[in-house]
């Protein structure tokens, strides 16, 4: 089959070293962000240097060097940070209980396969060999599930911490110019991106090596136990996304409906009681939720690839370097993203508002081009020139250049999805401008145009996903699809940096408004924020596209493991599964939307109550009660996130137990197909409406 150029020893060094470099780089960025001080004593000295820690403030407007402004920013920042931290702690307590319960379920289900026997058993795919007992698989799967869940929670929490640390600093830097503010916001996003990518890689690598001490040569059992890592990551992501999403939207709707529409005060006005809750929401939904979400996809795609590889020639012949190909791709991805980030922060400086979006777009292009080269190198040194991949019962011969194309097609499909999303959600292009234009005749036409834009924006991403599935499956069966998903997520550090940049800029604008800064500064933060809305949609595009490929790879793993050779759509069992599966995303969306609606209702009532009962609030003489609004959002989202989460987690268990694997295969396929469409259209409609509003303003 041909030897591998990279030795096992070299692989054992390369992967953790890349992960440590990623963590170190994120800490360096953190230090650079923390140089912007949140105390008012500092006066700008004469010598200006490029990164602007000692520049003169560009305009000396009235009250610009006013120490009270800085103090105000610091106060607002700590209020937002406290709100976000307390929400996440409450959420994690509830999720923790669920996590332990689900871990026990996993242990019982997997252990009971052989009646909790501790005797070795014949392997699933090669009956002549003996594998470790089912009890061991149950124990180790449960451990890796908990590892994945904790890493996911940690990713979200660290992201939220850096975002709330950086928001006021971005506001203060905006006084010096839009370029300075951009660098702070982008660096903070990079801290989150690199921490998440490196942590995810390091924990997975360490887990594999520790499990290997027990499993020895039984790689089939080892990598089956590792799959728990992906499940843990994505199940926490589900709750983070749903809980955070309900929180942020309830606060957003409540704040804007009463403040902007009824009371005619500007967005993020400090007189609005829901304004802190609104800014907290950006952090818990778009940062903590998004971080967990992308980590989940990343862990799932790595695990799916490892499982398929363990029963292919890599696993059978115990080729460790080739086996860890998915981890090598992620390692190179960290180095590529590191170079890419320097283009935004150090090699080029942004001088005008119109340069912001192109700078973020360049990040995507540079990382994709460099990563293509990176993948070629990894495939050349890390994989034999020819090998076999398990393909539903038989072994398929694959060449290393075919594997390179599988990863490459996923990577470039991600870029296409990113660009299409940008086209449909950025106010620089006609789709959003048409939506803005349609507002002239009222809200109804605006809703029609917005929905149409969302549905239309599905077309090209779906073709991109379809082509990558076709190419990767033709070349390397299910392994091809898993590594294509990994290709899409290989530049996750840059993707997350771009994504986290959005909510940080959004918060920065809110803080500028609340601290009473001049309209010049608000214009700059708005420009950063408009680009941020687009990048948030691009981030969601990546998450959706990679999730579609990962789901398909896992579906393939499930079908192989359940020993189903074909899923026949014409059998009634499968067809009803398909129809029910296609309905599930609608049911899930209905639950989450209704939760947002009822939480927003409470929020609107509370904001109205405060405006009506607190004397002097509209005149700015009295302070609103921010804490009550934060509590409404927190309570609503904690209570409402459980049913949608339970729907997703329990459906496969119930369907599989009562109706058998064929029906379950139908349900999974149906949910995958309809979920992707709803996700892309809803995400882009939302992004477009948001930017149409900014365009009109």
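The backbone N, Cα and C atoms fix where each Cβ goes, glycine too.
What TrEMBL says about a protein is an automatic prediction, not a curated fact.
Long-range contacts of the transmembrane segment (13-33) within the same chain: residues 6, 51, 162, 165-166, 169, 184, 187-188, 190-195, 197-199, 201-202, 205-206, 324, 327-328, 330-332, 334-335, 338, 341, 345, 493, each at least 6 residues beyond the stretch ends and with a Cβ under 8 Å from a Cβ of the stretch. Per TrEMBL, the feature transmembrane segment maps to 13-33 (among others).
The transmembrane segment annotation in TrEMBL covers 94-113 (among others).
What TrEMBL lists as transmembrane segment is 133-160 (among others).
Marked as transmembrane segment by TrEMBL: 181-208 (among others).
Residues or ranges marked as transmembrane segment by TrEMBL: 323-344 (among others). If you look at the transmembrane segment (323-344), the same-chain residues 6 or more away from its ends with a CB under 8 A from one of its CBs are 6, 11, 14-15, 18-19, 21-22, 25, 29, 183, 186, 190, 193-194, 197-198, 200-201, 204-205, 208, 219, 298, 301-302, 305-306, 309-310, 314-315, 359-360, 362-363, 366-367, 370-371, 374-375, 377-379, 382-383, 403, 407, 482-483, 486-487, 490-494, 497.
The transmembrane segment annotation in TrEMBL covers 364-381 (among others).
Residues of the same chain lying 6 or more positions beyond the ends of the transmembrane segment (401-425) and with a Cβ under 8 Å from any Cβ of it are 325, 329, 357, 361, 364-365, 368, 371-372, 375-376, 379, 383, 431-432, 453-454, 456-457, 460-461, 464-465, 467-468, 471-472, 475-476, 479-481, 483-491, 533-534, 537-538, 540-542, 544-546, 549, 683-684, 687-688, 690-691. Summarising the annotation, TrEMBL assigns transmembrane segment to 401-425 (among others).
Within the chain, the transmembrane segment (446-471) has long-range Cβ neighbours (under 8 A, six or more residues past its boundaries) at 405-406, 409-410, 413, 416-417, 420-421, 424, 431-432, 434-435, 438-439, 480-481, 484, 488, 541, 544-545, 548-549, 552, 676-677, 680-686, 688-689, 692. Look at TrEMBL and you will find 446-471 (among others) tagged as transmembrane segment.
If you look up TrEMBL, you'll see 477-498 (among others) marked as transmembrane segment.
With a threshold of 8 Å between CB atoms, the same-chain residues lying at least 6 positions outside the transmembrane segment (542-564) that come near it are 124, 227, 230, 290, 293-294, 297-298, 300-301, 304-305, 307-308, 390, 392-393, 410, 413-414, 417-418, 461, 464-465, 468-469, 477-478, 481-482, 484-485, 488-489, 495, 661-662, 665, 668-669, 672, 676, 679-680, 683. What TrEMBL lists as transmembrane segment is 542-564 (among others).
As annotated by TrEMBL, transmembrane segment applies to 570-588 (among others). Sequence-distant neighbours of the transmembrane segment (570-588) (same chain, 6+ residues past either end, Cβ-Cβ under 8 Å): 644, 647-648, 651, 655, 659-660, 662-675, 678-679.
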